[in-house]
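TrEMBL has this to say about the protein:
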{"type": "DOMAIN", "residues": "72-182", "note": "domain '3-dehydroquinate synthase N-terminal'"}
{"type": "BINDING", "residues": "G109, V110, I111, G112, D113, T133, S134, K146, K155", "note": "NAD(+) binding site"}
{"type": "DOMAIN", "residues": "185-334", "note": "domain '3-dehydroquinate synthase C-terminal'"}
{"type": "BINDING", "residues": "E188, H251, H269", "note": "Zn(2+) binding site"}
Amino acid sequence: MPNIETVHVPLGARAYDVRIGDGLIAAAGTEIAPLLRRPRVAVVSDDTVAELHLDALREGLAAAGIEMTALRLPPGEGTKGWPQFTRTVEWLLEQKIERRDVVVAFGGGVIGDLVGFAAAVLRRGVRFVQIPTSLLAQVDSSVGGKTGINAPQGKNLIGAFHQPSLVLADIGVLDTLAPRDLLAGYGEVVKYGLLGDAEFFGWLEGHGPALAAGDNAARLAAVKRSVQMKADIVVRDETEQGDRALLNLGHTFCHALEAATGYSDRLLHGEGVAIGCALAFDLSARMGLCPQEDPSRVSAHLAAMGMRRGLADIPGDLPGSDALIGLMAQDKKVVDGRLRFVLARGIGAAFVSDDVPADLLRAVLDEALEQRIAAPA
Ligand SMILES: NC(=O)c1ccc[n+]([C@@H]2O[C@H](COP(=O)([O-])OP(=O)(O)OC[C@H]3O[C@@H](n4cnc5c(N)ncnc54)[C@H](O)[C@@H]3O)[C@@H](O)[C@H]2O)c1
Ligand SMILES: O=C(O)C(=O)C[C@@H](O)[C@H](O)[C@H](O)COP(=O)(O)O
Ligand SMILES: [Zn+2]
């Protein structure tokens, strides 16, 4: 088998491996077999991923004598809500998935989050395996056990912490990902450098373009570093009582923008993360917390990658700053009604603060909204 890297997530009784490399879908049967009591799994995917890669997964499982039954959901963020969640749980029950069986989430972050949550509640909890197929899912959503769906009131508001039993990140499948989805996933990769590893951010400035162009060595290195950083944080704080909130850099802005754009393809999650990180650095600089040149460096890298980096890059109408701040009130980091933000003392040095002056926050948003008038998307 080609080069496979392993990041172990040492969470005691919930410990698991994240396997990263090319060819893991072909090897899925061998990888998953040790978890199974009987040679049968239920796979949930979306139409796009299923069309491209489900046959390969079926063959990979069959090579180890494992049968598979599959459900395909519509692709996109709109799937991550009650209707498709209910459909998935009922399908799993119809398939007579037992407590000791294993459910497989085969797709991007939407599938991983929804299927993980379905596994968390099915018969009060069955094990699941993540086979992430988007860059975003490989570097972030498949690891750490945050599962859930969106509510009309806000993003990811219904869910559970439920760790996977195994993660198989086959970087070969990234070749079929649309360029826009790949760059959206790269938004979360940049987040890791910005939140805690300045050297990694420097490496991304040099290697990001090759990664986007299809360089497998760069992809493997970026996925491995991101997963290792996430694993280290999750092990310190599995249920986000403290440090885990660092993984939320850019997300207070992102989730408000996703809600404001109706969880539509006007703004993908990873695009919102990149824009949110840029805004978090603007806010940090305005508060005198980080060097004035850091926001420009962040923005320059996003621009060099051809990524969205400001509110001017979001097409269609957006509400004003007060309405955006109103949407932030549903953020899960809110304590006693007070917003908390992930800010930065510099690139690679993020921290959590509940001390953001409302006028500065409004000023950063107003300025970003004004740029939309100067340069409409
Ligand atoms: N649980 C977590 O810790 C966590 C972390 C980050 C993001 N998320 C969530 O993840 C979601 C975003 O994930 P995403 O960006 O993967 O979105 P997604 O699941 O919608 O996938 C993006 C698009 O890529 C397609 N796709 C996926 N793999 C493909 C492949 N190999 N080839 C071709 N097309 C492919 C999908 O069909 C979809 O159209 C959001 O809902 C976000 O909130 C969760
Ligand atoms: O794993 C985490 O913790 C994260 O915050 C990772 C984020 O990239 C991800 O988008 C997560 O779903 C956001 O969590 P939420 O609790 O703010 O919904
Ligand atoms: Zn995210």
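Positions of Cβ are set from backbone N, Cα and C atoms, glycine also.
Sequence features, as recorded in TrEMBL, placed on the structure.
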residue : record              : DSSP (3 states)
G109    : NAD(+) binding site : helix
S134    : NAD(+) binding site : coil
K155    : NAD(+) binding site : strand
E188    : Zn(2+) binding site : helix
H251    : Zn(2+) binding site : helix
H269    : Zn(2+) binding site : helix
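The residues of the domain '3-dehydroquinate synthase N-terminal' (72-182), classed with DSSP into helix (H, G, I), strand (E, B) and coil, number 49 helix, 33 strand, 29 coil. In the shown protein chains, 27 other C-beta atoms lie within 10 A of the C-beta of E188 (Zn(2+) binding site). Within the model, the domain '3-dehydroquinate synthase C-terminal' (185-334) carries an average pLDDT of 97. For G109 (NAD(+) binding site), the nearest of the binding-site residues E188, H251, H269 in terms of C-alpha separation is H269. The Cβ of H251 (Zn(2+) binding site) lies under 8 Å from the Cβ of V273, G276, D331, V342, each on the same chain and at least six residues away in sequence. By the rule that a residue counts when its Cβ sits under 6 Å from some atom of ligand 2, the binding-site residues G109, I111, D113, S134, H251 yield H251. Proximity to ligand 1 at the level of Cβ atoms, with a cut-off under 6 angstroms, picks out G109, H269 from the binding-site residues G109, H251, H269. Considering only the residues assigned to NAD(+) binding, G109, V110, I111, G112, D113, T133, S134, K146, K155, the longest pairwise Cα distance works out to 22 Å. Spacing of H269 (Zn(2+) binding site) relative to D113 (NAD(+) binding site) is 13 Å (Cα to Cα, whole number). The Cβ of I111 (NAD(+) binding site) has V44, S45, D46, V49, L73, T79, A105, A137 as same-chain neighbours under 8 Å, each 6 or more residues away in sequence. Note: the CA-CA distance between S134 (NAD(+) binding site) and E188 (Zn(2+) binding site) rounds to 12 Å.
Residues near K155 (NAD(+) binding site) in space but far in sequence (CB under 8 A, at least 6 apart, same chain), listed by position: H255, E258, A259, Y263, Q330.
Cα spacing between E188 (Zn(2+) binding site) and D113 (NAD(+) binding site): 16 Å, rounded to the nearest whole number. Highlighted in sequence order, L136, D140, G187, K191, G250, C254, G270, G272, V273, G276 have their Cβ within 8 Å of the centre of the Cβ atoms of E188, H251, H269, the residues recorded for Zn(2+), and are not part of that set.
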